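Student: Here you go, one structure.
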Amino acid sequence: MNLITIERHILEQQKFFPEFTGELTDLLNDVAFAAKLVRREVVRAGLVDILGFTGDTNIQGEQVKKLDLFANDKIINAIGQHGRFAIMGSEENDGIIIPPKNETGSYALLFDPLDGSSNIDVNVSVGTIFSIYKLKGDDPGKASLNDCLQHGYEQVAAGYVIYGSSVVMVYTTGHGVHGFTYDPTIGEFLLSHENIVTPKSGKYYSINEGSYGQFNEGTKKYLDYIKEEDPATGRPYSTRYIGSLVADFHRNLLTGGIFVYPPTITHPNGKLRLMYEANPLAFICEQAGGRATNGKERILDLQPSELHQRTPLYIGSEADVMIAEEFEQGKR
């Protein structure tokens, strides 16, 4: 492993953004610091009283886990105190968040504090996903919901942190995708995956097939297709589904394959959150040479209309996603 810290690497990336005068370095360093705080508690979750539910329900209609709430508070407090973000949005909060010292901020932060948290009680990998936008206006005091509801292609940075057998942080600023592994002996994220490029096609698919009866005909035909025996096209594919989006996405990013969360009868507009999950992962995926759509349109081109907007998601290796789109659009 290279002894290049994430701070040094981000500083080197700053040359691509001279107009930010060092701000981008500070923004991503803030996120990395918050991730260290969350990581500290995730690895101790079974030893302290932060497993289980709080008894509350979030805006998504889901029961709030204690660790969800802890991670959410840590990120807001750790990042908000530095005055670089004028406004935030979290999957766990109903509305926008105005952090302390927001009057000096020039950016908006959107994040899922603990993706896959339903798995934490059984020690399955979970993660934090984040997305950063520049404010539309010049006055931080006037930051509003509109600053959060920007197209995905307007992101200036995005990334995620996986808390698993090791802790890995992956980020992009629009100039490639880079991964860092946390070394607990020195308390630093060190460069471990430079310039990640996802394979053009893979051999894995990730989907909750327990919902097969809820899928539309296009999705069902696609699943039948990738299970057929055809060595010439690398079929059949193998299923790899953890149930933690960030973990499934990370594996497919490195090995090739596709993650699918299609529309269902119960959730015709999809279930994943556009602003907290789909947009940041789509930005990363495209920067690594992959593709991300809702089955019909590019994820990064979607115009958000609400903070907690949902979307179907087809994301991963370019060739695999294109085939899935053809089935979804009735072209196969």
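Cβ coordinates are placed from backbone N, Cα and C, and glycine is handled just like the others.
Keep in mind that this is a model prediction, so the values were computed, not measured.
What Swiss-Prot shows for this protein is this:
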BINDING   Glu91, Asp112, Leu114  Mg(2+) 1 binding site
BINDING   Asp112, Asp115, Glu277  Mg(2+) 2 binding site
BINDING   Asp115, Gly116, Ser117, Ser118, Asn208, Tyr241, Lys271  substrate binding site
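Thinking about packing and proximity, how do these listed features fit into the structure?
Tutor: Sequence-distant neighbours of Asp112 (Mg(2+) 1 binding site): residues of the same chain at least 6 apart with a C-beta under 8 Å from its C-beta are Ser90, Glu91, Thr128, Ile129, Phe130, Arg273, Tyr276, Glu277. Taken residue by residue with DSSP, Asp112 (Mg(2+) 1 binding site) is part of a strand.
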Student: Starting from the Cβ of Asp115 (Mg(2+) 2 binding site), draw a 10 Å sphere and report how many other Cβ atoms land inside it.
Tutor: 29
Student: Hey, for the Mg(2+) 1 site built from Glu91, Asp112, Leu114, who else sits with CB inside 8 A of the CB center?
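Tutor: After dropping the recorded site residues, what remains is Asp68, Ala71, Asn72, Ser90, Glu92, Phe111, Pro113, Asp115, Ser117, Thr128, Ile129, Tyr276.
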Student: Please report how many Å separate the Cα atom of Asn208 (substrate binding site) from that of Asp115 (Mg(2+) 2 binding site), as a whole number.
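Tutor: Roughly 16 Å, rounded to the nearest whole number.
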Student: Can you grab the distance from Leu114 (Mg(2+) 1 binding site) over to Lys271 (substrate binding site)? Cα atoms, rounded to a whole Å.
Tutor: 16
